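If you check TrEMBL, you get these features:
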COMPBIAS  1-10  compositional bias 'Basic and acidic residues'
COMPBIAS  22-61  compositional bias 'Basic and acidic residues'
COMPBIAS  62-73  compositional bias 'Low complexity'
COMPBIAS  74-84  compositional bias 'Basic and acidic residues'
COMPBIAS  95-107  compositional bias 'Basic and acidic residues'
DOMAIN    112-202  domain 'ParB-like N-terminal'
REGION    1-107  region 'Disordered'
REGION    377-396  region 'Disordered'
Amino acid sequence: MKEKKVEERAAAPSGEKPAPAKTEKPEKQPEAPKKAEEKPKEPEQPKRRGRPPKADKDKAATPKPEAPAQKPENAVKKEPEKKTAPTVQAAPAPKEPEKPKDAPRRGKEQIVYIKLNELHAFKNHPFEVRDDEEMRAMVSSVKDKGVTQPAIVRPREDGGYEIVSGHRRQKASELAGYADMPCIVRNLTDDEAITQMVEDNLNQREEILPSERAKALKMQLEAIKHQGSRTSGQIDPKDAGKRSNEIVAERNKMAVKQVQRYIRLNELVPDLMKLMDEKKLGFTTAVELSYIGKKNQNYIAVAIDSQQSSPSQAQAKRMRELDEKKLLNGDVIDGIMMEDKKEVDKVILTGAELSKYFGKETTPREMKDQIIKLLDDWKGQQKEHEKPEKKTEQEK
């Protein structure tokens, strides 16, 4: 070291070397801080495999709030699904009314004019063709305009045609003096002809007797049952899985119980059926009497005619119970019929029924007074007929 100092001192007076010596010292001094500045850079370069530095932890923490940002994305996806749903449902709406347009057309059917003597009534036709005011109005209409609605007929094996719908139109054409009438010929099976005959008459006729409706509904029910027993697929797909009486009720816009009651009326004897058509026997009472045996039904018809009084519903129910126990006979029927009726029977007269006997200008009050007067006169006549009968009983 001493030798170095001596050399430095010796070199000082030369004037050439001291200049770099001074420059070297200050260069070495600033190099130290440069190295110090480089030292903090060195730890950033090596890759650590252990725990991440704090800076990395901060970076890892920043993407965490991105997770909840995904939830609104899912919510947005659900909203367009709700918006698209009504568009799918609204699309078929205009197509629905277009379907029934082609339904009434079975095919190309031609209207032909057939002579009246070639047209035959439907077998076991339940509806009677009556010569009443409605028929007279139809005759005048046929004379003026002709038959506007063609009849439905089908070919017969024996020749000619069988009328399915149009019996009154045929009668009106005959009374109007025509030799033929317009018809549509269809090849219908027996079951198809029965169902169409019943539906057309029940929908077109204004006045239908209870016995006519009862027979027609029974024929329709049997035809539907017969169609259901086949495997040819003749039943309407809409009626699949339904009972026969339900189908009859829907086609005629009736309740199932009402259909069953009408069909039950077919068990009445002709005399009781006639009394019901003449409104001398109530509908519900007639249904109760239909469960009684035929022999006792005839006794009841005789009792109604002789006493000029029909049994009440309660009395009919008692007769039915006694008949089931085999305790009902003519004497018991007379005894029940002579009893005073405790329940009040309601009689309802419609305006259409009263208009046949009173003018249009007659007020309801005037109708009532006239009816009561007629009933009083009828009651007086009944008393006069009863007096001689009582005398004969006393003489006996």
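Keep in mind that glycine also has a Cβ here, set from the backbone N, Cα and C atoms.
Counted with DSSP, the domain 'ParB-like N-terminal' (112-202) comes out as 39 helix, 22 strand, 30 coil.
The average per-residue pLDDT of the prediction over the domain 'ParB-like N-terminal' (112-202) is 92, rounded to a whole number.
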